[in-house]
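**Q** For reference, the structure I am asking about is given below.
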């Protein structure tokens, strides 16, 4: 990959029935193509227009399938990433050229999946083959929409809420870029990784225009972080790498796409960011330039460590091979030609584990100590100790130093450096003790006065003075306060920690309140009940002849008796689940009312702010010349602060309501299961206790069948469909993880009820997880 020291460029032409074969000439080597343009007669007789343009690429993919594209473009850099190299695959081209299809593929057809799901499958397949290495995989999914960054995986359960406005691009010491605040999720299996991919795909922003009915309106970066450690060699070094799979939004001409007002604004941001990206590529291609304008846009800043340099970079130039799209095709090929001039020198990224390194240093120190002890033994210095001196040894050394100072001994034997340091410390303490003893003797003989008190004697005699104690403060005495320029007012920005705390409380309550009748503890209790029932079967059979009533009691009375005896445990679980369900519904009702009230207050405050803004504009307003910012009065500032507080409260209540509704659905399902189980157990118990001997055989048969069915879970329609689909997919085992992840994502989107209306490409643009307006009570 790094042999040519340049970015690899592949040209992929979208299949079309109107391919311009006369205009686009594909050469037999499959590495170059020529674009033939027509002469513009409007330029007159003197016309030096270039009509033929030839471009070189690493490979031209015409009518290529998805497996072929992955094998030629992505397989090599993906394999190198597992060895410690960073890799980036970028899909570039005009709108409708097939960039999203190349990267993501079709979610409905497993064979048409794109580079991202194939990369995930390839990575985990390779991990299973590398038994001698321990590999961890983490995933993030970033979206850049109108120069604002969003986390596409923020809706994953368990992800803490972070305000997207606080996302910042940071650089570490190794010039590696990361987005501060972006969530990174651990993926232990292929299915978990694909689950994250499908979740992000559902949250992407798409819209329709004249050329594409499901056009991506944002740049998306799917990043896979890989950490590889050796299981064979105990080394502190390990490799880290990341794979950036970039799906850029398509460049478009407003005259052709004919978007609406919002689409025009989106196209402006898209074309602007792509222009800055091209400027960065031009700067990287010129080795004489020292400055590269990475920070002109969010896209170039995030990709600053992913284009060229120590990175394996691959560009897939998607083209629409029709006559009407010839100008955009030439623009794409020009950008691809500039990318080929970017210099690449991939290098393995190694990191040192500080814990393992310290452990290795400790082992090396112990080895050197043993070697030094062996050397002392060979030189007849057997009593030299290199360990820290004990208290006894320190006292002995202190006595020797005192004798040396008193001239009782002529010299001291020097054994090692540790002894020398201890002797110097003893000498220092001795000098310090002598100084203190001398000062003590002088204070006993003389009376000392402070110079300041003597000079201010006249002031003390002129009037009473306050006693100087521990609480008195003198001029120039530090007051314990730090230096500051004033107290800042509370920020108007939303308090993110409130949302984090609220979300944490919601998650801590989730899963603790609901009592599941199929838990191991419940199963154990039911097993004990069945054991008791089995133990007493013989006794019940003996006394049935004498104690069984001639006519069985009504089922209503027998049901009460059943709930007090054999069905007490199931009845208790049902009662607890009903109580929890009732509390959840009350909480949902209260939250809905609170959200509606907050929404009404938000509308009022917003109306007041609009009135204040109109009033300020009518009066001309005032602007600070230094910052060119408008000056608002105290009343408008209070309205802004209140509006932000209400907005924060509304968002926190909304997310809590969403979690509560999810818990309500779970509770209702558990209550229904408990109720069915209670009725089934009652029918069996009633037949055993009160029906005649003619039903005993049928009861025993039914009991046996019931016990045989205990290991089989009760299937609803959805579970039955999943099982049948899984059996169908066994013919193609590689697709099981893909479809399982897709079904889990769709099921989670359905049950959370966040308002995801776009589970298929739609014709209108909308972010799927926006809070609704007025809510109805549950």
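Cβ atoms are placed via backbone N, Cα and C, with glycine included.
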**Q** Of the ranges 454-505, 506-557, 558-609, which one does TrEMBL flag as region 'Disordered'?
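**A** That would be 506-557, per the region 'Disordered' entry in TrEMBL.
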**Q** Taking only same-chain residues 6+ apart in sequence, whose CB is under 8 Å from that of residue 98 (ATP binding site), what do you get?
**A** 12, 14, 318, 320
**Q** Please classify the secondary structure at residue 97 (ATP binding site) using three-state DSSP.
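**A** It is coil.
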**Q** I'd like to know the mean pLDDT over the coiled coil (595-622).
**A** 84
**Q** Say we define neighbours as other CB atoms within 10 Å of the CB. Which of the binding-site residues 93, 96 has the fewest?
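**A** Least crowded of the binding-site residues 93, 96, by Cβ count within 10 Å, is 96.
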**Q** Return the count of C-beta atoms lying within 10 angstroms of the C-beta of residue 100 (ATP binding site), excluding that atom itself.
**A** 25
